[in-house]
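TrEMBL lists 58-82, 140-162, 182-203, 215-234, 240-262, 289-314, 320-337 with the feature transmembrane segment. Taken from TrEMBL, the feature domain 'CBS' covers 412-471, 483-541.
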Amino acid sequence: MSKIRGAFRPFLKAVAASFTLGTGNSLGPEGPSVEIGSAIAKGFGNVFELEGGKKLSLVAAGSAAGIASGFNAAVAGCFFAVESVLWPSSSADSSSLSNSTPMVILSAVIASVVSEIGLGSDPAFTVPVYDFRSPTELPLYLLLGIFCGLVSTTLSRCTALSMEIVESLQTATGLPKAASPALGGLVVGLLALIYPEVLYWGFENVDILLESRPFTSGLSAAVLVQLVGVKVLATSLCRAFGLVGGYYAPSLFIGAATGMAYGKIMRFTFTGAEALFHIPFLDVASPQAYGLVGMAATLAGVCKVPLTSVLLLFELTQDYRIVLPLLGAVGLSSWIASPQRFSRSNRVKLDSSEAKSSKFKQAKDVPSQAQVAVTMDTDEPTTELCKLESSLCVYDAKNDIMLENLTVAEAVKTKYISVSTTTPVVEALNLMLVEKQPFVMIIQSNNSLVGLLTLKEIQDFCRTAKGTRAQTEVPVISHVCGAVKCKMLPVTPQTPLTTVEKIMDSHGVDQLPVVSENVNHQNRGLLVGFVDRECITVARR
């Protein structure tokens, strides 16, 4: 069933993206299209049992097809596959990687041809008429790259903050996750009442920003700056509330608005009869040129694909003069945005009353989530990038090895319900009801494990013991264990999760107690928590 769900997931995600974008929410279609291409490639790899570099080549080809069809730009699709799939997966063998290039090129070309047949040969957006006046403008483009890097970082941080706020809102109010996208659509719709340009209209709104459509009046620099801020907010909220879509189209919109506003401010500052500064050798180009460069620089800063951004704009403009300003702005934007650490704050906060309660125990010899986060600091930027744009993480060569090496320490839950053998069954049931856990841990006074008792086992005991025991006798946990034999299947924090799953499958259970490796005089480990199928799934995600 998990394989069937995995096969249908990308197609269901495409349907969800269609509803998201069809109703105007502030995301884009290119991310889902990359994920569909890579998912189909993974499916073929699984059918033909391909591994390592061969499967990597297929995934890279699927990713290239997604970008090539989304932007009608085959060359940019090839470089996207190189930057987002092939280069990060350096552990694959070189002989297999050498075969990836022709597959990627063929896939991008075929996708572009099919896209032209179905959608026409027009580019994704209309390239406006623009000019480059003088090489002395290059410092202005470099300054634009710095601004785009700061805007990219702002979008990333705003997305992380929005996800924190929405998650806290769901926890505090009990808002179902299934209702979150509707609430997100409501918030974005309210923003669009004032700024309708932030909605997804394909790339028509980008054409309006670039003033590339006839009979359209240009927007002022002040309005463009406002649109940048509102678009950042709307896009972050869409992602935080669970709406499905990519960050490529919003990045291009934000970059176009940033570049156009910057270009208009520069023209007002350095050219014209009322210029603030008169520099004889500086002749500022049209704002459209800065708008195009801003699009590439912001896309590179947000999605960390600088070469793809340069090649995409070069392929659409077909103008060699734009390459030098593009390279300078994109390089600076990527450099500014790349070292940022927009980590989400630790959400695991134990209530002081719960920490003091005897019903809950916190393991001392199991690393906490905060400690794990510190040790995995080097992987944090990649993790946050995947949360921002999942299509950039469609393949991880280390994935299989990592899953095999995961241990119970990375999945253990250290808050649990504990009872003794003399605890009345009614009290144990009340604890299960209050804490919403379908089992209790049975421990001795020194916190050593006796067994694990599930709600189903208590129900079975009640059915069999009905009428056989005196009504005046209060049933306790020891009576249940004597009748149904409480399971004693402990694992340690160093046990691999693959072994845990085998134990669960062989004994038909969904939870296992976790004990420390240090045993007491009775040869029993001290209870530190439990592991179930849900936390195994979460740890692997």
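Backbone N, Cα and C atoms are what each Cβ position is placed from, and that goes for glycine too.
When each of 58-82, 140-162, 240-262, 320-337 is checked for Cβ pairs under 8 Å to the transmembrane segment (289-314), 320-337 comes out on top.
Per-residue pLDDT, averaged over the domain 'CBS' (483-541), rounds to 80. Sequence-remote contacts of a segment are chain residues at least 6 beyond its ends whose Cβ falls under 8 Å from one of its Cβ atoms, and for the transmembrane segment (140-162) they are 228, 232-233, 235-237, 239-240, 247, 250-251, 254-255, 258-259, 262, 266, 284, 290, 293-294, 297-298, 300-302, 325, 328-337, 340, 342-344, 384, 387-388. Helix, strand and coil counts under DSSP for the domain 'CBS' (483-541) come to 21 helix, 20 strand, 18 coil.
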